[in-house]
Amino acid sequence: MVHFTAEEKATIMSLWGKVNVEEAGGEALGRLLVVYPWTQRFFDNFGNLSSASAIMGNPKVKAHGKKVLTSFGDAVKNMDNLKGAFAKLSELHCDKLHVDPENFRLLGNVMVIILATHFGKEFTPDVQAAWQKLVSGVATALAHKYH
């Protein structure tokens, strides 16, 4: 279980309140698919994923990215119980979708990059450390159901 200090929680919640979920979600998923092209195999029904510009402009990528980042909001609300908050998604990704759990870590790291680009100087090393801790905790929670 990940333990967050009161300061880390406040830091995460403060920044989360400023995140444009639709924009950042689409960017995060898009970057994941571009930088780690083997992840595209889970999205074969998304249409044209042939180039970086096609991926970043793909409406299905943007919509699913928003969905992913919206569910990430559950992590912000449930920092003290990430495993419980992501139990159903862990089961879905393990048993039905068969997603390699390493992809959760990759997506978390991409999210940190997106937040850094969106918030610039406001994304200090302390802010990054808190967010890195959160995305790592989410990746671990999502991988929980894997055998």
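From the backbone N, Cα and C atoms, a Cβ is placed for every residue, glycine too.
Taken from Swiss-Prot, the feature heme b binding site applies to His64, His93, supported by sequence analysis. As annotated by Swiss-Prot, domain 'Globin' applies to 3-147, with the evidence given as sequence analysis. Swiss-Prot lists Ser14, Ser51 with the feature phosphoserine, giving similarity to another entry as the kind of evidence.
Between the C-alpha atoms of His64 (heme b binding site) and Ser51 (phosphoserine), the distance comes to 18 Å. Neighbour counts were taken at the CB atom with a 10 A radius for the recorded positions Ser14, Ser51, His64; the maximum falls on His64. Between the CA atoms of Ser51 (phosphoserine) and Ser14 (phosphoserine) there is a gap of 35 Å.
Regional average pLDDT for the domain 'Globin' (3-147) in the model is 87. Counting residues per DSSP class in helix, strand and coil order gives 114 helix, 0 strand, 31 coil for the domain 'Globin' (3-147).
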